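Quick look at what TrEMBL annotates:
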BINDING   Asn144, Lys145, Val146, Asp147, Gly202, Gln203, Ser204, Gly205, Met206, Gly207, Lys208, Ser209, Thr210  GTP binding site
BINDING   Cys284, Cys289, His291, Cys297  Zn(2+) binding site
COMPBIAS  15-24  compositional bias 'Basic residues'
DOMAIN    95-260  domain 'CP-type G'
DOMAIN    105-258  domain 'EngC GTPase'
REGION    1-26  region 'Disordered'
Amino acid sequence: MADSSLNKVRDTHRAKPASHHGKNAHSPDLLNALVVASYGRHFLARDEAGTIWQVYGKGKRREVAVGDEIVILPSGDKQAWVEDIQTRKNLVYRSDALKSKMFAANLDGVLLMLAVSPPYSPELLGRTLTACKHADVPLTILFNKVDILEGDPETLGDVEQELFEMTLGDVPTHYISVTEKPEETESLLRPLLEGKRTLILGQSGMGKSTLINLLIPGALAATNEISMALNAGKHTTTHTQMHFGEQGLELIDSPGFQAFGLHHLSEADLLNAFSDLRDEGNKCRFANCQHKREPDCAVKNGLEDGTLSPARYELYQMLKAELEEARQNY
Ligand SMILES: Nc1nc2c(ncn2[C@@H]2O[C@H](COP(=O)(O)OP(=O)(O)OP(=O)(O)O)[C@@H](O)[C@H]2O)c(=O)[nH]1
Ligand SMILES: [Zn+2]
């Protein structure tokens, strides 16, 4: 049975006064709480007594992410205001020219789910890799649905090669089948995930929900019930949600994404995420070499002799061009 703490939400009509347990030491009216769901404009937060509050923020205090430790001021009927957001250990987010979207904060790791059907996007893989490097959160790749590739070792070999090249062999990568090999998947992942808070990312259809239901049975159904009860999910189909399993397993589910802008990175940030290109680039003849058509370009030479990855080079040039364009528009 899932130990979904969201099940502890109280019936509004019989609500008891909050226990002293969850009170904020500085002010008796304030409570410390953990953000467990984000609907964009409002959030669900769980206080230390296990009560779920629907919380709203004004101005900067609206910029709340799942995983944030916040201080809330109850305003009645299980509703509360965000009073403060505690300093984050880390934050994974994406951003385009118009807005940024926070995935989650205070993470121990990110799991990126990929599959061959629907086909995964190497570009999204590269962007996820870059965002996690920048946020300094360990990334693990789960390549799901390997059952589809049974009897097709060639395609599987190509995938392995592509993932290795893009990640420089630096990212733990597991080949799994959630539906066909559930026990194996579970015994592989439990030791990696227990006692940790993990954000699961992936394009639509990669198997995120299937995996969450395997590791925390009933999690998604319980979540829907809570959302309905609090009316929190009204008019929203996509939201980010934390699920609580046994042995301190915490999984954060985020809607499948098709875009992953990285406008929040500076050019130096970008170079740090591509340290292979940065280090080789230091050997170019010109200090400001763009690694395009300059003579004695160590990066171009590295691409030619196979020591650098063309896929990473292309992604780097694409992200750099985006940053330059974004800067010109401001
Ligand atoms: N063949 C195969 N199918 C799988 C596997 N894991 C999941 N699926 C199927 O893939 C489809 C999509 O799975 P979901 O778990 O809904 O994918 P998701 O990543 O949550 O997608 P969104 O909710 O759209 O973000 C479902 O029909 C699953 O049954 C697997 O290991 N092998
Ligand atoms: Zn160069």
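Here the Cβ of each residue, glycine as well, is placed from N, Cα and C on the backbone.
Feature map: TrEMBL annotations on the structure.
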residue	record	DSSP class
Asn144	GTP binding site	strand
Ser204	GTP binding site	coil
Thr210	GTP binding site	helix
Cys284	Zn(2+) binding site	coil
Cys289	Zn(2+) binding site	coil
Cys297	Zn(2+) binding site	coil
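Excluding Cys284, Cys289, His291, Cys297, which define the Zn(2+) site, the same chain contributes Gly281, Arg285, Phe286, Gln290, Lys292, Glu294, Asp296, Ala298, Val299, Lys300 within 8 Å (Cβ to the Cβ centroid), listed in sequence order. Highlighted here are the binding-site residues (Asn144, Val146, Lys208, Cys284) whose C-beta falls below 6 Å from ligand 1: Asn144, Lys208, in sequence order. Considering only the binding-site residues Asn144, Val146, Gly202, Ser204, Thr210, Cys289 (Zn(2+) binding site) has Gly202 as its nearest partner by CA-CA distance. Every protein chain considered, the tally of other Cβ atoms within 10 Å of the Cβ of Cys297 (Zn(2+) binding site) stands at 21. Taking the C-alpha atom of Cys284 (Zn(2+) binding site) as reference, the shortest distance to any of the binding-site residues Asn144, Gly202, Ser204, Met206 belongs to Gly202. Considering only the binding-site residues Asn144, Gly202, Ser204, Met206, Lys208, Cys297 (Zn(2+) binding site) has Gly202 as its nearest partner by CA-CA distance. Taking a Cβ distance under 6 Å to any atom of ligand 2 as the criterion, the binding-site residues Ser204, Cys284, Cys289, His291, Cys297 reduce to Cys284, Cys289, His291, Cys297. Within the set of binding-site residues Val146, Gly202, Met206, Lys208, Thr210, the entry lying nearest in space to His291 (Zn(2+) binding site) is Gly202 (CA atoms). The most densely surrounded of the binding-site residues Asn144, Ser204, Thr210 is Asn144 (count of other Cβ atoms within 10 A of its Cβ). Counting other C-beta atoms within 10 Å of each candidate's C-beta, the binding-site residues Val146, Met206, Cys284, Cys289 are led by Met206. In sequence order, Leu112, Met113, Leu114, Lys208, Gly256 constitute the residues six or more apart from Gly202 (GTP binding site) in its chain with CB-CB distances below 8 Å.
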